Structure formats: structure tokens, C-alpha cells
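Have a look at the structure below, then the notes.
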Amino acid sequence: MTKQFAVIGNPIEQSRSPELHHAFAEKTGVDLNYQKRLAPLDGFESSMRSFFAEGGSGMNVTVPFKEQAFALCDVLTERAQIAKAVNTLWMENGKLHGDNTDGQGLVAAIQALEWNLENTTILILGAGGATRGVIYPLVQAGTQKIVIANRTLARAEQLVDDLKTAVPQAQLQAISLNDLEGDFDIVINATSASLSGDALQLPEKLQFKYAYEMAYGKPSSFLDQAKQRNVPYSEGFGMLVGQAIEAFYIWNGVRPQLKDFL
């Protein structure tokens, strides 16, 4: 019997999840159908529950519903608890289970680029949900120190406070975006600033070996600056594929190889 999956969000037209999951299915021999599902901004829960009531096997959640999905789950993985957001849902024994595969997607993408994560110092620009979701998997992969830089320093400090007990083995630090300096192995852009006209300037006193932009398919002043410095860089398509692979594995018990889809 064909398993039914969906991605839910608002807007949803831009999602590449159906294309990815159908490609994974073709490669692994899993019989599935994967659809986009547009939910009204005030209608996430009813849309999600009706999908599972109709026999749906699993659902991905995208903006703006990840925090709502987190709040509705009966059972959460450790990384979802730390992220306080869920992008992968499934039903088991009548209970709604939730996970967050975004951070694992980022780790898989960085490893596929053969950038080392062991004992690294990483700078993340931005202190929003995207950053919260990747800290724990980065530390699990061996990152030693993570500095979170945000325009509003208090927000970065709050995030560090929230997360330091979850990742006691790593050093977390908050700084203002106005105080960017020092040497880092990897800089990760988790802000939308480089996608809008509000371009982020990386000062000369900030040095780094690699640059990763979480967004993909759009012009990025962050990556333009990495190119000017001749620093190896990547945009976020690998992270998108990586998080989708992790969700596919949770649902179907088989893990496609990231390199086959980049």
C-alpha cells in the first residue's frame, strides 16, 4: 500500500520536499506519495490532525508552524525538546511524535563538504529559531565552541542561557553583531539580513576558514563576501536535503545517501 506523506506550511508553493522525497523513494524502492498542504494561518492543528486521521504516515512542518507543532506533540525527541520546534511528525500508538531534523541536516551537509567539525569554533549569525535548532547537533558532532552573534545582544544571551545546560560539553557565548572579530573555523549565516537589502558587513578583523549560508537559491551578500575573501563556501541546499533524508529515515527506516542528491 502506498504510504502518504505531506509537507504543511503557509506559504507552501516554494517547498521542494515532494521532489526530494519522491527522489529518495525512487532510489530506495519505498512506495510513497508526498504532497504539499497549505494550511490557513489559524488552521494548522485541524489540517494536521485530519491528515493523520485520513491515514497519513508522516508530515513535515515548515514556516510558520514549527513551534505550534512542537506544542501539540505527545512525544518529543531530545533534539526537538532543545530546539523547541518540530519539522517532522508521525503517529505511533495513537500518540503524535515530533522531531527536529534541521540541525542534523546542517551537520550532514557540512560533513559532505568535508569541513571538519571536531574541536571547532563556530560563529553563528542570528539568534532565532534556525540557530536554536542546530546548536545541539553541532555539539554532538564535536564542535567545541559556538559564538552566537545577534543584532539584539539580549536575544543571543537568552538563547545561550536556555541552551547551556543542554550542551554542557561545549562553550557557548553571545556577542553583538557590531562586535564581530576573532578567528573561527566556520561562520554560519542564520539571519535573513543577507537576503534582504539589509546587508550584513563582515569586518576584516573577523577571520574564518569556511562560510555556510542556511538559505539557498537566492542572492546572498554573506556569500558574496566569502567569495571576495576566497573562502570555501556553500549555500543551504545540502542542509535542506540532509534534513529531508533524516525525516525519510525516521518514517521509512532506510537512509538515502546525501551525496546522491547534491
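Every residue, even glycine, has its Cβ placed from backbone N, Cα and C.
Annotation comment: Swiss-Prot describes Lys66 as active site, proton acceptor, evidence class sequence analysis. What Swiss-Prot lists as shikimate binding site is Ser15, Arg16, Ser17, Thr62, Asn87, Asp102, Tyr216, and the listing cites sequence analysis. Residues or ranges marked as NADP(+) binding site by Swiss-Prot: Glu78, Gly126, Ala127, Gly128, Gly129, Ala130, Asn150, Arg151, Thr152, Leu153, Ala154, Arg155, Met214, Gly236.
Overlay of Swiss-Prot feature records on the structure.
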residue: Ser15; record: shikimate binding site; Cβ contacts under 8 Å, 6 or more apart: Val7, Gly9, Lys36, Thr62
residue: Arg16; record: shikimate binding site; Cβ contacts under 8 Å, 6 or more apart: Leu240
residue: Ser17; record: shikimate binding site; Cβ contacts under 8 Å, 6 or more apart: Val7, Tyr34, Lys36, Asn60, Thr62, Ala244
residue: Glu78; record: NADP(+) binding site; Cβ contacts under 8 Å, 6 or more apart: Tyr136
residue: Asn87; record: shikimate binding site; Cβ contacts under 8 Å, 6 or more apart: Asn60, Val61, Thr62, Lys66, Ala69, Asp99, Asn100, Thr101, Asp102, Gln243, Ala247
residue: Ala127; record: NADP(+) binding site; Cβ contacts under 8 Å, 6 or more apart: Ile148, Ala149, Asn150, Thr152, Arg155, Ala156, Gln158, Leu159, Ala174
residue: Ala154; record: NADP(+) binding site; Cβ contacts under 8 Å, 6 or more apart: none
* When the number of other CB atoms within 10 A of each residue's CB is tallied over all shown chains, which of the binding-site residues Thr62, Asn150, Thr152 has the maximum? -> Asn150
* For Asp102 (shikimate binding site), what is the tally of other C-beta atoms lying within 10 angstroms of its C-beta? -> 28
* To do: Could you tell me which of these recorded positions, Lys66, Gly129, Tyr216, has the greatest number of Cβ atoms within 10 Å of its own Cβ?
  => Lys66
* Structure fact -> For Tyr216 (shikimate binding site) and Gly129 (NADP(+) binding site), the CA-to-CA distance in whole Å is 17
* Structure fact -> Met214 (NADP(+) binding site) has its Cβ surrounded, within 10 angstroms, by a count of other Cβ atoms equal to 26
* Farthest-apart CA atoms of Ser15, Arg16, Ser17, Thr62, Asn87, Asp102, Tyr216, residues recorded for shikimate, distance in Å -> 18
